[in-house]
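Just below is one structure, and these are the notes that go with it.
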Amino acid sequence: TAWRVLELGGSELDAVERGCGQCEMDQCDGSVGYGGSPDESGETTLDAMIMDGNTMEVGAVADLRRVKNAIGVARKVIEYTKHTLLVGESASLFAVRMGFPYEDLTTQKSLSLYSEWLNQSCQPNYWKNVMPDSSKSCGPYKRPEEVTYKEEQMSSRRSIHNHDTIGMVVIGVSGTVASGTSTNGAIHKIPGRVGDSPIAGAGSYADSTAGGAAATGDGDIMMRFLPSYQAVEYMRMGTDPTVACQKVISRIQKYAPKFFGAIICANTTGSYGAACNKIPGFTQFHFMVSSPLLSQPTEQVVDCI
């Protein structure tokens, strides 16, 4: 869809918006758009961002409720505000002002995911050091009177089968770069949680003087390292896109060897690459490429490191 927008003369931002928007409608992987990844209270909320690599403008929404087209709302943040990121109920009110309809983001699928989770004593969840014991109970949780903090190795609770973000980098014919992401976030997240996807430099980053990158995986860990920004900076220094992606993954590995995550990178000449962290069950990363050199969109695969 994004490639077709470019072929018809649309801008790089149009391509990102329409491409990610297509994924929202198709509920890609169950983890983009409505009807997937219910939070702890059973509600699906959306995060998205879009970035213009010419002007460095970013539009983003997080914890967006009852509005399906998150990437479209993010684009309106660039076009009609001087802000970068709008969140929660207020982001939804902004969306309605911009002409987006209120719609229920819950589906039979998200309801059954939620009830299944409740029946399994709310496992897995994202709480720690609370009472009652979050590994056995649904709560409500509270802070204990006296707490002995357990040292926790930074590792992923994200199942590789339940979470993926649509991340997109578009390089125009003149070398203009745009990027974007859209997701419904981590399944069973604590309400109000925002991951890496709508954060500039974490979920994606675009700079028309260097290139663009987009990340997917365990946003709670990945956002701490601004992987997309870092990858673009490596490419600015002349690093090959594949190597730039690998260096970013290696950097996170030092602190969180078991994290689930991957990143795609493309520079202004149209060279591209990707890298992922190798963990049990996730040894390869698949991504799609469209380019003038390819007759149709083509799936590419990299081995994780």
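The first residue you see is number 1, and the count goes up from there.
Just so it is clear, glycine is given a Cβ too, placed from its N, Cα and C backbone atoms.
The active site, nucleophile feature in TrEMBL is assigned to THR165.
TrEMBL lists ARG193, VAL194, GLY195, ASP196, THR216, GLY217, ASP218, GLY219 with the feature substrate binding site. Taking Cβ-Cβ distances under 8 Å and a sequence separation of 6 or more, the neighbours of GLY195 (substrate binding site) in its chain are ASP47, THR183, GLY185, ALA186, LYS189, GLY203, GLY219, ASP220, MET223.
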Among ASP196, ASP218, the most crowded of the binding-site residues [Cβ within 10 Å]: ASP196
Distance, THR165 (active site, nucleophile) to GLY217 (substrate binding site) (CA atoms, angstrom): 7
THR165 (active site, nucleophile) to VAL194 (substrate binding site) - Cα separation in whole Å: 13
Neighbourhood of VAL194 (substrate binding site) by C-beta distance under 8 A, where only residues 6 or more apart in the same chain count: ASP47, ALA62, ASP63, VAL87, GLY185
Which same-chain residues, if any, lie at least 6 apart from THR216 (substrate binding site) yet have Cβ under 8 Å of it: ASP164, THR165, GLY167, GLY261, ALA262, ILE263
